[in-house]
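Taken straight from Swiss-Prot:
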| type | residues | note |
| --- | --- | --- |
| BINDING | Asp36 | [4Fe-4S] cluster binding site |
| ACT_SITE | Asp292 | active site, proton donor |
| BINDING | Gly428, Leu429 | substrate binding site |
| REGION | 447-483 | region 'Disordered' |
Amino acid sequence: MRLAFWLYEGTALHGISRITNSMKGVHTVYHAPQGDDYITATYTMLERTPDFPGLSISVVRGRDLAQGVSRLPSTLQQVDHHYSPDLTVIAPSCSTALLQEDLNQLAAHSGVPSEKLLVYALNPFRVSENEAADGLFTELVKRYAVAQEKTPTPSVNLLGFTSLGFHLRANLTSLRRMLEALGIAVNVVAPWGSGIDDLAKLPAAWLNIAPYREIGATAAAYLDETCGMPAMYEAPIGVEPTTAWLRKLLDEINRIAGQKGLSRLAMPAPRAFSLDGLSAPSGVPWFARTADMESFSNKRAFVFGDATHTVALVKFLRDELGMQIIGAGTYLERHADWVRKELDGYLPGELMVTDRFQDVAKFIDDQMPDLVCGTQMERHSCRKLDVPCMVICPPTHIENHLLGYYPFFGFDGADVIADRVYLSCKLGLEKHLIDFFGDAGLEYEESDDAAKAEPDQPVSNAHGHTESKTVSQGEPIASDEGGISWSDEAETMLKKVPFFVRKKVRKNTEDFALGIGESCVTAEVFRKAKESLGG
């Protein structure tokens with residue numbers, strides 16, 4: 001029944017295809033029933049790249065099963081003949097797991113050389129998107145990385161950047177710009193844009209950069225263990241974390257340079273990291289001290305997402321923008337302990353760990369924060385609740401796969417995040433001003449006069465008779481929640497409250513009324529509630 005609802009993580013195939021679709025000369029054959037190759041539509045809709053997804057399906061049909069035959073060998077032959085990939089990854093499905101088919105034996109009967117095939121054997125019932133992607137990438141690194149001499153000059157690998165990654169290309173551009181300013185070359189970016197030959201060159205770099213907790217960190221740990229390659233796992237999101245990240249990177253590079261007897265690299269002037277090369281690298285430090293942003297110290301924020309972005313955004317909102325964090329959570333249970341450790345001292349209560357979007361929506365509805373940083377799921381939930389929301393991580397939609405330069409990494413990314421926080425919280429004022437001063441003919445909302453002009457609507461009762469439904473002008477209006485009624489005067493006063501906090505004010509006022517034993521919110525009760533709640 002869970003499939004009837006939205007899910008935060010995709011299937012194992014989703015994770016496998018994110019790796020193979022990122023790479024050159026790598027193809028995926030999915031052994032599954034017809035229709036399970038729907039994932040190709042996701043890439044063509046969101047990825048915005050000229051290449052068609054490298055994914056084919058080996059159809060499992062009832063007739064074939066009855067005859068005791070499989071289409072997998074012939075599908076592998078067709079893929080090898082038509083696409084000529086360097087590697088074909090064979091992915092199991094829930095159907096093949098139930099049928100207990102031996103994919104290795106079926107692949108061996110295809111006649112395709114074994115070195116060009118990889119059966120990624122996992123349990124599709126237990127493994128989901130991120131774990132499958134991280135596991136496959138690590139498997140490929142183990143298979144193809146070859147120990148070799150280091151590059152003569154400082155170089156790094158950028159690991160974990162995958163197809164459908166959040167602001168993928170912009171983040172890569174931001175990292176490349178900072179590395180270029182430091183005088184550090186990029187040896188390999190993987191899996192994005194890499195081939196089998198590139199994976200073989202991974203050990204030539206001086207160190208690995210794996211900023212995503214979800215994908216790439218396991219491969220970096222393997223290279224550290226087997227090839228003695230140090231790794232950096234921090235994500236440079238925010239001004240302070242980026243500054244610390246640059247210092248740590250330079251320290252690591254200079255330590256290795258010292259062992260090699262090479263000259264040390266120096267930290268360039270801050271303006272070297274700016275877009276124009278002349279100004280400060282980020283506007284966040286001064287922007288956070290402006291009158292507009294200082295008012296954010298009273299705003300309450302809730303953050304929910306994957307491990308990497310949840311940790312980064314909580315720290316950015318509190319440390320750099322001064323917002324109050326009322327809660328945070330992640331849908332990745334396997335990384336929950338790491339998130340708890342990183343956010344120790346940042347949260348007023350327990351970390352929310354759930355993969356049910358309904359639980360997150362209920363928390364938002366109960367707390368009514370001033371800003372939600374979450375996924376596409378939270379964007380939908382917040383739209384119903386009139387709560388400002390910005391998307392910070394997958395799952396995403398088309399507006400988070402942009403052609404323009406909107407990174408989250410580095411100093412440039414700090415500016416992008418600050419802009420989105422500010423605009424998400426402030427743009428609602430425009431609608432409030434229209435509500436308050438009138439629409440000036442824009443017809444933004446249905447006017448009260450039009451509502452009053454509507455004729456009484458006939459309502460059919462339980463016996464089939466028609467009655468006229470009227471509400472007298474002075475009769476209190478019952479609230480949908482809790483049975484508390486509101487007088488016309490109190491409703492008029494409530495309409496003067498900005499729409500983006502109106503629901504929260506209504507709820508708090510009704511709670512206050514119940515607390516003092518009132519069953520109807522009058523103008524006097526509304527004023528008392530306002531005074532009591534500090535309004």
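Just so it is clear, glycine is given a Cβ too, placed from its N, Cα and C backbone atoms.
Its Cβ taken as reference, the residue listed as 'active site, proton donor' is surrounded by 11 other Cβ atoms within 10 Å in the chains shown. For the recorded site, Asp292 (active site, proton donor), the DSSP three-state label reads helix. Rounded to a whole value, the Cα-Cα separation of Asp36 ([4Fe-4S] cluster binding site) and Asp292 (active site, proton donor) is 50 Å. The number of other Cβ atoms within 10 Å of the Cβ belonging to Asp36 ([4Fe-4S] cluster binding site), over all protein chains shown, comes to 17.
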